[in-house]
Amino acid sequence: MALRDVLLSIAQTPHRLRRRALVTWTPAQELNEVRDRSGARMKRRLEWYDLVGLGVGGMLGAGVFVTTGRVARDTAGPAVFASYVIAGVSALLSSLCYAEFSVRVPVAGGAFSYLRVTFGEFVGFFGGANILMEYVMSNAAVARSFTDYLASTFGVTEPNAWRIVVAGIAEGYNALDVPAVALIVLITVCLCYSTKESSMLNMVLTVFHLLFFAFIIVAGLWNGSARNLVRPHGLAPYGVRGILDGAAIVCFSYIGYDSASTMAEEIRDPARALPVGIAGSVLVVSALYCLMSVALCVMLPYTEITETAPFSSAFREKVGWRWASSVVVAGASLGIVASLLVAMLGQARYLCVIARARLVPSWLAKVHPSTGTPMNATIFLGFCTASLALFTELQIVFEMISIGTLLVFYLVANALIYHRYVKVGVNRPLHVLLFLLLLTLSSLGFSLSRKIDGWCRWGMALFGAISIAITTIFHCTARQDIAGPPSEWSVPLMPWPAAASVFLNVFLITTLKMRSYQRFGIWSLVIIVFYVCYGVHSTYSAEENDVNAMIHHPNLDIS
């Protein structure tokens, strides 16, 4: 591109932002015109049971083996199971929103596509880039924890025994994790080969993983003591605040159901399979997470729980079952592999659809004609995940995880309400936008009042009542039928589930530590700069090319 063209594009940036930032696509365009930009189409080879397996496999292992020990010891105490309940309820409400959108727009873009057809290109890109960041960072964290469990299988308890510590690199980034990189490379190769075969591998791993879960729950409860739930400082030694802070941390454990929604383009019967697979897997996993966390906390007091490989350590040190410790680490390793498999499956499809929208280089959107997989996106994100897993310690990664996930869940819940109650050209969106604004502000007031001394009780009661009141008024006055006929499956009792999802996600976001906001702010700035400098110009130029193509080929049908 000539320097003159570059300077012209820079000068036109404000105009192009006005033209592109709020432009929306219809579900029909997403399903046809946009999807065709990948060349070959993804193959519809998955059934509903594949989706359930992917949902369960994607969530099991990531959270309970990576975060439970840390949250129980340092954040929530034995009441960590309550943190999982709160995060599970939030995830279930969000999963219902995802399920309806995935039926209405059955493409691989997940939250990116749902937000783009509702709020426009910029909001879609902002949400999609955030969820991609969450995927890459959580996958890196899970891969590094795999090294801990693999080392523990061979009786090695030193945290960095299987990592290469390099002098001269900043602390926190100097323990090179080669086994984690090897695992990511192996999974990347599998995902490039075939989605169906990857699903079958996940199904086998998930079945074995469920058996390990059952063993850990039964053996842990059998050998534990209920007194450990209240020793040494009670069931909730860090108080309600600790339980809520723990819920915000463990919520990233549920990101796997979002991966399931990205499989919509490869499901034979999306309307039937997606609601069952997405919401059903969240319910199953929530129950297992709660039971696993209780089993861990009854085996030993929370102050004695180790950060790395807590379950295997509990069996080895407290119960005295060294053979059981080996079984546990083997099961945890399988669960981590299954979780990584599904998460990396989902992240590639996110990037593929963002590339279809031309917000990132279009070569990332290409689907391989023989395998039917987004090979370029899979390899690129596999490289990013492996690079992060090689250098970065878990604690640093954990500080970034969750806020992006919660923000995207919040945006999707808002988008579903807007999509249900607004129809362009029929009614104005002001009524709905005002409700969403007031709901967000009242949720924020409820959350912040908990942090201000003297405001806690009456502030939470006041803002909680306001949230319920404005949702009731909206429910009674809004015309839900204005948005057209419902899809084959829709969330019942609207707008209450979506409004509750908005409320809970705002609440959980406010419990995160300041460092999470700082790093999230930096990442958000990177997203905005990238969109202004590349994304908006790329999509604007592509739009002009499409218009010119239609002018020169007036009989061309792109629908």
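Glycine is treated like the rest: Cβ placed from N, Cα and C.
TrEMBL annotations: computationally assigned, not manually curated.
The domain 'Cationic amino acid transporter C-terminal' annotation in TrEMBL covers 489-538.
Within the chain, the transmembrane segment (48-67) has long-range Cβ neighbours (under 8 A, six or more residues past its boundaries) at 84, 138, 141-142, 145, 149, 196, 199, 202-203, 205-206, 209-210, 213, 249-250, 252-257, 259-260, 263, 267, 269, 272-274, 276-278, 280-282, 284-285, 288-289, 292-293, 309, 311, 332, 334-339, 341-343, 345-346, 394, 398. The transmembrane segment annotation in TrEMBL covers 48-67 (among others).
The transmembrane segment feature in TrEMBL is assigned to 79-101 (among others).
Under 8 Å from some Cβ of the transmembrane segment (113-133) lie the Cβ atoms of residues 20-27, 30, 98, 101, 105, 107, 258, 347, 350-351, 353-354, 357, 359, 381, 400, 404-405, 407-408, 411-412, 415-416, 418-419, 523-524, 527-528, 530-531, 535, 539, all in the same chain and six or more residues away from its ends. Annotated transmembrane segment per TrEMBL: 113-133 (among others), in sequence order.
Summarising the annotation, TrEMBL assigns transmembrane segment to 172-193 (among others). Under 8 Å from some Cβ of the transmembrane segment (172-193) lie the Cβ atoms of residues 139-140, 143-144, 146-147, 150, 160, 162-166, 201, 337, 340-341, 344-345, 348, 368, 371, 373, 375, 378-379, 382, 385-386, 389-393, 395-396, all in the same chain and six or more residues away from its ends.
TrEMBL lists 200-223 (among others) with the feature transmembrane segment.
For the transmembrane segment (278-303), same-chain residues at least 6 beyond its ends with a Cβ under 8 Å from one of its own Cβ atoms are 51-52, 54-56, 58-60, 63-64, 68-69, 72-73, 77-78, 80-81, 84-85, 88, 91-92, 95-96, 98-99, 102, 213, 216-217, 219-221, 223-226, 228-229, 231-232, 237, 250, 253-254, 256-257, 260-261, 310-311, 314-315, 317-319. Look at TrEMBL and you will find 278-303 (among others) tagged as transmembrane segment.
Summarising the annotation, TrEMBL assigns transmembrane segment to 323-346 (among others).
TrEMBL lists 396-418 (among others) with the feature transmembrane segment.
Listed by sequence, the residues of this chain that lie at least six past the ends of the transmembrane segment (430-448) yet keep a Cβ under 8 A from its Cβ atoms are 414, 417-418, 421-422, 459-460, 462-464, 466-467, 470-471, 474, 477-478, 499, 502-503, 506-507, 509-511. What TrEMBL records for 430-448 (among others) is transmembrane segment.
Taken from TrEMBL, the feature transmembrane segment applies to 455-474 (among others). When Cβ-Cβ distances below 8 Å are used as the criterion, the transmembrane segment (455-474) is approached by residues 435, 438-439, 442-443, 445-446, 449, 495-496, 499, 503 of the same chain, each at least six residues removed from its ends.
The transmembrane segment annotation in TrEMBL covers 494-513 (among others).
Panel annotation: around the transmembrane segment (520-540), residues 9, 13, 16-17, 19-21, 121-122, 125-126, 129-130, 133, 357-360, 400, 403-404 of the same chain, lying at least six beyond its termini, place a Cβ under 8 Å from a Cβ of the stretch. As annotated by TrEMBL, transmembrane segment applies to 520-540 (among others).
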**Report entry** Chain residues in Cβ proximity to the transmembrane segment (323-346) (below 8 Å; excluding those fewer than six residues from its ends, i.e. six or more beyond)
**Finding:** 54-55, 57-62, 65-66, 110, 135, 138-139, 142-143, 145-146, 149-150, 152-153, 183-184, 187-188, 190-191, 195, 198, 201-202, 205-206, 208-209, 211-213, 215-216, 219, 255-256, 258-260, 262-263, 309, 311-313, 315-316, 378, 381-382, 385
Query raised in the report: Looking only at the domain 'Cationic amino acid transporter C-terminal' (489-538), what are its DSSP counts of helix, strand and coil residues?
Result: 39 helix, 0 strand, 11 coil
Query raised in the report: Same-chain Cβ contacts of the transmembrane segment (79-101) under 8 Å, 6 or more residues past its ends?
Result: 63, 68, 71-72, 110-111, 113-114, 235-236, 242-244, 246-251, 253-254, 257-258, 261, 274-275, 278-279, 282-283, 285-286, 289-290, 293-294, 297, 302, 409, 412-413, 415-416, 419, 487, 489-491, 497-498, 500-501, 504-505, 508
